[in-house]
Amino acid sequence: MPGPLLKTLQGENISRRPIWLMRQAGRYLPEYRELRAEKGGFLALVYDTDAAAEVTVQPIRRFGFDGAILFSDILIVPYAMGQDLQFLAGEGPHLSPRLLDAALNSLVAVPGRLSPIYETVAKVKAQLSPETTLLGFAGSPWTVATYMVAGEGSRDHHDTRALAYRDPSAFQAIIDAITEVTIEYLSGQVEAGAEGLQLFDSWSGSLAPAEFERWVIAPNARIASAMQQRYPHVPVIGFPKGAGEKLSAYARETGVNAVGVDETIDPLWAARELPANMPVQGNLDPLLLLSGGPELERQTIRVLEAFADRPHVFNLGHGIGQHTPIENVEALLKIVRGWSR
């Protein structure tokens, strides 16, 4: 029998509001920091399937969230496509060769780099109760492309946007390649035990409306369609962070089952503008969770009330901050669990 999170993502408006938090497996947890120190680098932790499974389950064990999300990274896809991936202390991820300097067809795919991720999914699934939904995920093509082209994160994605304008056919080939690998990657996660999927388009907010249609909506629609044809029982959550008013078109045109809302969007606007009865996920500001206090309770209740008339998964507007106090997460859970329509 599906748990409350899966029921909600499938379109049921149930009395108990399910909750999980983006980056819930991470540095704010002392048990995570201990294991990370033991394993060394971030990528080593991701590829140690026992350790990655343990990290995925840690927040479930501590807080009893309704969903466990796979501990991994969106850049596993370009790593499998043949780029070298390094996480440097204080600098973030680096990919090479960057596609500003090398042709896409020069990359030699290493599909075996995906297999350990599937093993982690299976190991997590074996540890969860039926009530806890296991979510897999991938980065959406635009966001992944920004790293593949520039070789690292950037503030305004200047290099990637310029390439898309200068040579749209070459950039389309990059988007298409990422899309195809992502479909297979997500399929592997479902086959290993994932019950729902999230597409993270973390940098969608850097695009103008026409480019948003081409580089965000279109490839996400291809992925959602492929997954629904293969696995109609597995809901897909689309999260185009920073989309703003373009979120409404995203929700209507991509075919995702549920849509994630970031903290910059008024929940009352989202409740009014998004398709009726479409499951929504979000959208508490992570800084409120960091700060705690009466304002945390007030704003949490505001989100709960705004989405009371549709299926809603309580979450943050983006990932939990590493300095968030454990007691604030416990307080949030108490508020959400204690609230009733």
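Placed from the backbone N, Cα and C atoms, the Cβ positions cover glycine too.
DSSP assigns Ala25 (substrate binding site) to coil in the three-state reduction, outside any helix or strand. The substrate binding site annotation in Swiss-Prot covers Arg23, Gln24, Ala25, Gly26, Arg27, Asp73, Tyr147, Ser202, His318.
Marked as site 'Transition state stabilizer' by Swiss-Prot on the basis of sequence analysis: Asp73. Contacts of Asp73 (site 'Transition state stabilizer') defined by a Cβ separation under 8 A and a same-chain sequence distance of 6+ are given as Phe42, Leu43, Val46, Pro93, in order along the sequence. A coil conformation is recorded for Asp73 (site 'Transition state stabilizer') in the three-state DSSP classification, outside any helix or strand.
A count of other CB atoms within 10 A of each Cβ picks out His318 as the most crowded of the binding-site residues Arg23, His318. Of all Cβ atoms in the shown protein chains, 27 besides its own fall within 10 Å of the Cβ of Tyr147 (substrate binding site).
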